[in-house]
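Student: These came from Swiss-Prot, pasted as-is:
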DISULFID  CYS34-CYS84  disulfide bond
DISULFID  CYS48-CYS98  disulfide bond
DISULFID  CYS58-CYS117  disulfide bond
DISULFID  CYS62-CYS119  disulfide bond
DISULFID  CYS81-CYS122  disulfide bond
DOMAIN    34-123  domain 'CTCK'
REGION    148-176  region 'Disordered'
SIGNAL    1-17  signal peptide
Amino acid sequence: MTVWLLIGFLLPVAIFAAPPINRLALFPDKSAWCEAKNITQIVGHSGCESKSIQNRACLGQCFSYSVPNTFPQSTESLVHCDSCMPIDSVWDVVTLECPGNEEFPRVDKLVEKILQCSCQACGKELSQEGAMFNVYLNTAEETLSPAETLGHHHHRPPAREEDSPAQSQREGESEE
């Protein structure tokens, strides 16, 4: 009986400890692990030539558990979930060539380059939209609409001689 009282008291204390959890009392010989592993990533886009880049992927085994509940509920639900995910990353622009596409001969793809991984609470993900928006704020090539910052960016070909003088002047002003 005292063992169950002890477990009933210590289990909630252990459960509500600051995440991530590296060891569980029920499995003292097992520990969580998460690391960034080198990979070759293929970046592609329809109608464009793919590129191979060096990147990292998060790989590991993190703890999650759910303790049976009671009704009526006497304590908060005892559920915990950790996942191996990036804790440090940068966004790079990878430019793909699109031969045969005169309107958009190149496409920029944003790629998350993972630097470091660890066990983090499930659902805790970095804001991809905010990170992508910052990448485009720091590039001075073109002004983009918010919709363009959420996926890929098309490069328009340089102005040709047959373009109108007003169009050529506008493009010249945007480069200065």
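Glycine is no exception: its Cβ is also placed from the backbone N, Cα and C atoms.
Source: prediction; values computed, not measured.
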Student: Going by Cα-Cα distance, which of the disulfide-bonded residues (CYS48, CYS81, CYS84, CYS98, CYS122) sits nearest to CYS58 (disulfide bond)?
Tutor: CYS84
Student: If you measure from the C-alpha of CYS62 (disulfide bond), which of the disulfide-bonded residues CYS48, CYS98, CYS117 fall inside 10 Å?
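Tutor: Of CYS48, CYS98, CYS117, within range: none.
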Student: Using DSSP reduced to three states, classify CYS122 (disulfide bond) as helix, strand or coil.
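Tutor: Looking at the DSSP assignment, CYS122 (disulfide bond) belongs to neither helix nor strand, so coil.
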Student: Could you tally the C-beta atoms, other than its own, that fall within 10 angstroms of the C-beta of CYS84 (disulfide bond)?
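Tutor: The answer is 20.
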Student: When the Cα of CYS119 (disulfide bond) is compared with the Cα of each of the disulfide-bonded residues CYS34, CYS81, CYS98, which one is closest?
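Tutor: Checked the disulfide-bonded residues CYS34, CYS81, CYS98; minimum Cα distance to CYS119 (disulfide bond) goes to CYS34.
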Student: Among the disulfide-bonded residues CYS34, CYS48, CYS98, whose Cα is within 10 A of the Cα of CYS122 (disulfide bond)?
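Tutor: Checking Cα-Cα distances against CYS122 (disulfide bond), none of the disulfide-bonded residues falls within 10 Å.
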Student: Return only the integer: C-alpha distance in Å from CYS117 (disulfide bond) to CYS34 (disulfide bond).
Tutor: 6
Student: Under 8 Å between C-beta atoms and at least six apart in sequence, can you list the same-chain neighbours of CYS48 (disulfide bond), or say none if there are none?
Tutor: LEU96, GLU97, CYS98, ASN101, ARG106, VAL107
